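See structure below.
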Amino acid sequence: MEHIRTTKVEQVKLIDRFSTSNKSLMGTLYLTATHLLFIDSSQKETWILHHHIATVEKLALTTSGCPLVIQCKNFRVVHFIVPRERDCHDIYNSLLQLSKPASYNELYAFSYNPKQNESKRLQGWQLIDLAEEYKRMGVPNSNWQLSDANRDYEICDSYPRELYVPRTASKPVIVGSSKFRSKGRFPVLSYYHRDKEAAICRCSQPLSGFSARCLEDENMLHAISIANPAHHYMYVMDTRPKLNAMANRAAGKGYENEDNYANIRFQFVGIENIHVMRSSLQKLLEVSGTKALSVNSFLSGLENSGWLRHIKAVLDAAIFLAKAVAVENATVLVHCSDGWDRTSQVCSLGSLLLDSHYRTIRGFMVLIEKDWISFGHKFSDRCGQLDGDPKEISPVFTQFLEGVWHLTEQFPQAFEYNEAFLLQIHEHVHSCQFGNFLGNCQKEREELKLKEKTYSLWPFLLDEQKKYLNPLYNRDFSQKLVLLEPNTASFNFKFWRNMYHQFDRTMHPRQSVFNLIMTMSEQNKQLEKDFKELEAFHHYSNLKIRELGCGGRMSLERCLFKIWLGFVRTRIDPTGDGSAYHGPQHAHSVTTTRRFLYSPLNWYLASLL
Amino acid sequence: MEFAELIKTPRADNVVLHRPFYPAVEGTLCLTGHHLILSSRRQDNSEELWLLHSNIDSIEKRFVGSLGTIIIKCKDLRIIQLDIPGMEECLNIASSIEALSTLDSVTLMYPFFYRPMFEVVEDGWHSFLPEREFELLSSVTNEWRLSYVNKEFSVCPSYPPAVTVPKSIDDEALRRVATFRHGGRFPVLSYYHKKNGMVMMRSSQPLTGTNGRRCKEDSALINATLRAGKRGYIIDTRSLNVAQQARAKGGGFEQEVQYPQWRRIHKSVERYNILQESLIKLVEACNDQSHNMDRWLSKLEASNWLTHIKEILTAACLAAQCIDREGASVLVHGTEGTDSTLQITSLAQIILDPRCRTIRGFEALIEREWLQAGHPFQQRCAQSAYSNSKQKWESPVFFLFLDCVWQTLRQFPCSFEFNGHFLIMLFENAYASQFGTFLGNNESERCKLKLPQKTMSLWSWVNQPYELSKFKNPLFEANSLVIWPSVAPQSLQLWEGVFLRWNRSSKFLDEACEEMNNIIEYNKELQAKVNALRRQLAELETDDGMQESS
């Protein structure tokens with residue numbers, strides 16, 4: 001709180017950044033410990049989490065006040081005009097401090113309290129269990145085993161404790177190999193394909209320099225290769241451009257020499273490094289944020305940013321990987337420099353193409369936990385969670401999500417989750433509201449005691465699962481198709497408007513087919529239930545009427561029945577015009593009453609009266 | 001002329017057909033007067049190709065030894081390849097196709113020979129008569145009249161016999177105004193906005209020339225549409241520069257001094273073969289799958305197609321805004337008033353008028369604003385993206401209009417009664433068709449060709465319930481509001497259904513679409529069932545019901 005210099009400023013204008021007529025909303029700006037809040041004159045609230053703020057800029061004073069531009073990590077851009085420069089300056093300085101916390105314990109996750117009891121909180125952390133996941137894949141088995149080499153983070157502090165390696169790889173081989181790999185990240189199992197007995201393994205670059213060799217590392221690769229019984233060669237994918245890999249040799253790092261490793265097929269893929277990606281995104285945002293943008297400046301800006309080229313490169317690499325496994329039954333070892341950025345992208349997207357489990361909501365959570373969180377993608381550095389080196393920030397994970405989005409566009413029925421799910425995960429990777437993405441590796445997370453002090457994101461997403469379900473999802477679709485083979489001709493790649501213009505409402509279709517279908521599909525479930533109940537009720541009523549018989553005499557029982565019938569009917573259909581069926585929510589509340597009233601038992605009890 | 005003269009080799013055996021998404025198939029090729037037919041003679045008869053000669057945009061031939069190859073590029077953007085054994089056969093067939101696909105005489109075209117296999121319930125030639133449209137108008141206002149001044153096509157050759165003009169302007173005045181407007185296209189009513197009584201008119205440029213010629217009937221005519229004390233807007237679809245240059249050729253624009261009640265806005269919309277080149281470049285970019293990302297994006301940019309889309313939509317939004325938001329009447333024109341003018345007036349109506357977003361309303365719009373308004377379809381759609389002819393009059397003006405409608409449909413997916421397939425069908429028929437609807441350049445030509453008597457109207461076929469069902473948007477819910485499309489480049493998209501149609505399989509997208517329709521259908525079905533049961537229960541409740549069922 002000590003950073004907050006002013007908590008409330010009135011008469012602030014919020015400017016629509018794309019409106020050419022400088023449309024604006026007048027309102028009041030509030031600064032809380034965690035959020036910046038703007039309430040406009042129509043009481044509409046705009047909440048901005050401090051952690052979401054990427055940059056704050058104070059522009060030159062104008063006649064109407066002092067402009068303050070805030071760019072967020074979720075691509076929201078807000079443009080305020082604060083009447084007094086003094087206030088603007090205070091907010092500006094406060095936000096500078098608040099958006100760049102110096103230590104982890106200042107992050108929102110440590111103060112976020114959803115009022116959940118402790119056991120539920122702990123259960124939440126147990127929702128995703130990676131040991132379970134490896135079991136699902138089919139390991140350990142006769143070729144792969146769990147290694148205890150890193151049980152106490154003794155050989156690689158950015159890896160998880162539990163690692164799967166070939167049975168034939170002895171401890172000295174593992175230790176030797178890890179010494180020959182950048183940051184000790186030796187080759188380990190990322191995904192095991194049960195049917196093909198082929199594996200996806202991951203590691204960092206070898207410290208080969210111009211000529212260095214390491215027998216243990218060579219043995220390690222050999223062990224991986226022979227863990228695939230059907231195969232006599234394996235791929236080694238270096239996801240970097242060849243030039244970068246070669247340059248690394250001068251620093252004593254580099255790539256595998258095919259002559260030194262038995263039966264490997266070495267392949268460069270050419271995905272650019274984090275710095276290129278960072279500036280690419282920056283260029284993309286500059287272009288898409290331009291007011292009164294022409295089509296040609298947009299397209300040439302899109303081209304110059306290189307963004308879609310990078311996305312295509314990542315997807316192409318994933319396809320190469322998946323095809324090697326599914327078509328050639330080959331094992332593939334993937335690495336880049338440190339093996340936590342490009343390697344995570346390619347391994348996770350490759351697995352997603354191979355295994356339909358990762359196209360389910362839970363499966364996708366597992367995939368992120370495995371290839372991103374546990375294998376030490378440096379979320380804290382890449383997302384700039386703390387005040388640190390801005391050169392470490394890079395949209396590597398965003399690119400992964402965009403790759404997935406492109407797949408959902410090409411295979412609309414293959415995914416259980418929808419775009420909103422991807423957007424929500426992106427939101428929380430940056431929000432620091434949940435513990436999952438804090439820190440850079442598992443070891444750091446344990447030291448931060450995240451499982452004791454914070455909440456896991458996944459149970460919250462599962463709770464609101466309905467919002468993230470793809471109504472077109474077809475489970476059988478995935479069974480028919482062993483491997484998703486997306487078309488990566490350039491024309492398939494589109495600008496992801498719903499990500500980069502999430503908050504710019506005027507740019508989106510005014511009616512969403514997707515939302516409509518989602519609502520309808522929800523409603524269908526409800527209608528099916530209603531229909532069954534109504535049918536049973538109708539059937540029962542008919543029987544009852546027959547039983548009561550006709551004739552002129554109005555028996556007490558018949559009177560009762562009629563009264564009850566009318567009562568039930570007005571409850572089901574209060575307006576009498578069927579409007580109860582227009583919204584699933586309303587229909588829901590009606591059903592609860594009905595369930596009681598329909599029950600033949602209840603009617604029987606009533607008839608005894 | 002007999003077609004037989006043009007067909008030197010009517011059939012060839014062992015021809016191999018290559019086409020998008022299908023494996024190559026061998027069969028017998030037959031040439032008829034209007035079709036190229038390939039039949040594989042398989043039992044199931046599924047491997048057949050029927051291609052209208054008029055759909056062929058260009059052909060190329062290649063030889064490897066005695067095996068000839070003909071590459072046929074169609075106006076619907078599809079490319080197919082025929083491998084024909086025997087050099088002579090191949091040459092003969094190629095020259096026949098070339099001749100048959102570029103017939104000079106309209107009366108030799110297929111629509112004059114086509115005999116429908118369906119029963120005509122409603123003759124499309126009479127579905128959208130100006131009198132019917134005028135009836136609708138007179139039910140809301142009596143300030144307009146239907147003038148037959150152009151009955152003999154003598155006042156304006158590109159106008160229909162009946163046009164709607166202000167009641168206070170007599171035919172004599174119209175004749176005089178016609179002499180003051182390019183091609184005789186005097187201002188006529190294009191759209192009446194019921195909500196506020198404002199109107200949109202269209203015309204061609206005024207012939208002011210360099211010495212500022214004037215015509216008091218002209219200003220009287222357009223002023224007759226203004227309310228007292230109100231100003232109107234003239235939207236000139238040329239840049240000020242181009243409009244000024246037009247004066248040297250006898251054309252020009254409305255000067256403020258002579259039209260003090262009107263504000264002129266120049267909104268430049270590209271025309272003629274610049275658009276054709278844009279189309280050619282775009283299709284070229286889409287057809288090359290090997291482009292890397294940078295090359296694809298720069299080719300897409302260089303084609304300028306989406307820029308044209310943005311220009312047209314922006315101008316249409318402006319016209320609609322003047323009418324709906326400013327409460328002002330609008331006159332739209334460019335030079336001839338047969339191209340960009342019609343794009344703007346028709347799109348503005350789609351934005352403003354819910355009726356134009358229904359199937360019949362949209363058909364009526366095309367009939368009114370394109371066919372009767374004299375858009376020269378025959379010239380403009382003579383060739384498509386594979387043309388080498390570079391004729392100034394060839395231009396995808398109507399195609400661009402359809403793309404703009406598609407963009408709007410994408411942004412308001414529930415506000416249109418028709419779907420994307422409907423627009424694609426119109427695109428195909430505008431370029432090659434068995435129906436007579438898009439033949440000729442204006443009503444006068446159609447009249448001389450006796451199209452209504454000798455050919456079938458596209459609408460007669462489309463408006464059959466079975467055909468219509470394919471073009472219906474299951475999400476349609478009548479929306480009485482004005483719909484404002486976003487013209488930000490981030491909101492515009494390549495019309496994949498047309499431009500990528502033959503370049504990538506849409507299997508998964510089609511299946512998803514089908515699933516979507518299933519969900520919608522199922523929803524309707526369930527609602528109906530639940531409501532029926534509820535009705536029955538209500539009946540039970542009454543005494544009558546109880547007695548009946550007992």
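Yeah, the Cβs are placed from backbone N, Cα and C, and that goes for glycine too.
What TrEMBL says about a protein is an automatic prediction, not a curated fact.
Listed in sequence order, A:S204, A:Q205, A:D238, A:T239, A:R240, A:I271, A:R342, A:T343 are the same-chain residues six or more apart from A:C336 (active site, phosphocysteine intermediate) with CB atoms under 8 A from its CB. Here TrEMBL flags A:C336 as active site, phosphocysteine intermediate.
Cβ neighbour count for A:R342 (substrate binding site): 29 (other Cβ atoms within 10 Å of its Cβ, all protein chains included). Sequence annotations record features per position, and here TrEMBL assigns substrate binding site to A:N273, A:I274, A:C336, A:S337, A:D338, A:G339, A:W340, A:D341, A:R342.
The domain 'Myotubularin phosphatase' feature in TrEMBL is assigned to A:124-500.
Those residues of the chain, other than A:N273, A:I274, A:C336, A:S337, A:D338, A:G339, A:W340, A:D341, A:R342, with a C-beta within 8 angstroms of the mean position of the substrate site C-beta atoms are A:S204, A:T239, A:R240, A:T343, A:V396. Residues near A:W340 (substrate binding site) in space but far in sequence (CB under 8 A, at least 6 apart, same chain), listed by position: A:S158, A:R185, A:S204, A:F375, A:G376, A:H377, A:K378.
In the three-state DSSP assignment, the secondary structure recorded for A:R342 (substrate binding site) is helix. The secondary structure of A:N273 (substrate binding site), as reduced to three states from DSSP, is coil rather than helix or strand. Site extent for substrate: the farthest pair of Cα atoms among A:N273, A:I274, A:C336, A:S337, A:D338, A:G339, A:W340, A:D341, A:R342 sits 12 Å apart. A 10 Å cutoff on Cβ-Cβ distances gives A:D338 (substrate binding site) a total of 20 other Cβ atoms nearby, all chains included.
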